[in-house]
Amino acid sequence: MKKHNFSAGPCILPQEVLKKASESVVDFNGLGLSLVEISHRSKEFVEVMETARALALELLGLEGKGYKALFLQGGASMEFLMIAYNLLETKAGYLNTGTWSDKSIKEAKLFGEVIEVGSSKDENFKYIPKGYAIPSGLDYLHLTSNNTIFGTQMKKFPTADAPLVCDMSSDIFSRQMDFTQFDLIYAGAQKNMGPAGTTLVVVKEDILGKVSRQIPSMLDYKVHIGKDSMFNTPAVFPVYVSMLTMQWLKDMGGIAAMEEINEKKSRLLYSEIDLSPVFQGYANKEDRSHMNATFNITDEKLKEEFDSMLKEAGINGLNGHRSVGGYRASMYNALSLESVGVLVDVMSEMERKG
Ligand SMILES: *Cc1c(COP(=O)(O)O)cnc(C)c1O
């Protein structure tokens, strides 16, 4: 039986993408060769890379606006340090909204001064800080648009007289916004785009080349741009699957269509969480995420029964992150409204029993 997959990451991908991807492993586009056994310099793979890079810019509405898209390795965690390596000369601002921002701050401190412009650590990252002051003269301001672990999401983004850098690992391509407000966007593939192994970086070229330090080639965005994201062997399979997912997204109607479905899904789940006395949401209402919904069961005695009901319904990946506990339902782009319906049915069944 196919499961309803609420896993936080690596996570659900569209069935048709997985099917096409699995075929490519045996015979890529009728070449009589596997995608993973041909040269990354072959015409066929170069086309995959170029299509993936173009689709990323197209979906974000950033074509012809001075941005370049790269598919790098090392995960979003590698970007934590590459960003500082490439952009941090004296001081940078960071908004601390959870585990991932915390980790990016730690890396940046190796390269210069970090100013935490705001933090919600005092309440275990239940909310998004607001009304904080942003000092002038920053090399950049770093934000995390969606906090995968705590289930909060930024609804508004600050303006600063410095380049805006944003970790969009867990909500890229899920909602509309003006992406030109950002100068660097990055996202590990495994949350909303493809298999683990590649990271999308979209960077405005004119913010680069301003630090005085020497940058090792593999960590230098300019080097990767100069080589069209092929400085060394890219993660061919993850890039291909990401390309297929972006094509799927475009065929679905792009980010606008996705946003509509995502809002329906989260509305359905949050209304159950809000109405039911058996469940309690974790994140502050105004800040909660459309992607990752965090909640607890109010009576721990019901947990065992709820867990077995989830299992029976074929629901996978609902356990909360160890730093929050409880439950977390991740509703990425490929998760259907129907799957959320199945979860909500189990929750209301629990309510009747509880
Ligand atoms: C998962 C995640 C990361 C870490 O990604 P890796 O690819 O494992 O390094 C960073 N930021 C956010 C917001 C995430 O959700």
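Count begins at 1; order follows the chain as displayed.
Glycine is treated like the rest: Cβ placed from N, Cα and C.
Cross-referencing THR51, THR148, THR294 against the pyridoxal 5'-phosphate binding annotation in TrEMBL, which names ALA76, SER77, TRP100, ASP167, GLN190, ASN232, THR233, picks out THR148. Within the set ALA76, SER77, TRP100, THR148, ASP167, GLN190, ASN232, THR233 that the record links to pyridoxal 5'-phosphate, no two Cα atoms are more than 30 Å apart, and one pair reaches that distance.
Around ALA76 (pyridoxal 5'-phosphate binding site), the same-chain residues six or more apart in sequence whose CB sits under 8 Å from its CB are TRP100, ASP167, SER169, TYR186, ALA187, GLY188, THR199, listed in sequence order. Proximity of the binding-site residues ARG41, SER77, ASP167, ASN232, THR233 to ligand 1, judged by a Cβ distance under 6 angstroms to any of its atoms, singles out SER77, ASP167 in sequence order. Cα to Cα, LYS191 (N6-(pyridoxal phosphate)lysine) and ARG41 (L-glutamate binding site) are separated by 28 Å. Taking the binding-site residues SER77, GLN190, THR233 in turn and counting surrounding C-beta atoms within 10 angstroms, the largest count is reached at GLN190. Annotation: LYS191 carries the greatest number of neighbouring Cβ atoms among the recorded positions ARG41, LYS191 [cut-off 10 Å, Cβ to Cβ]. The binding-site residues listed here are THR148, ASN232; among them, THR148 has the most other Cβ atoms within 10 Å of its own Cβ.
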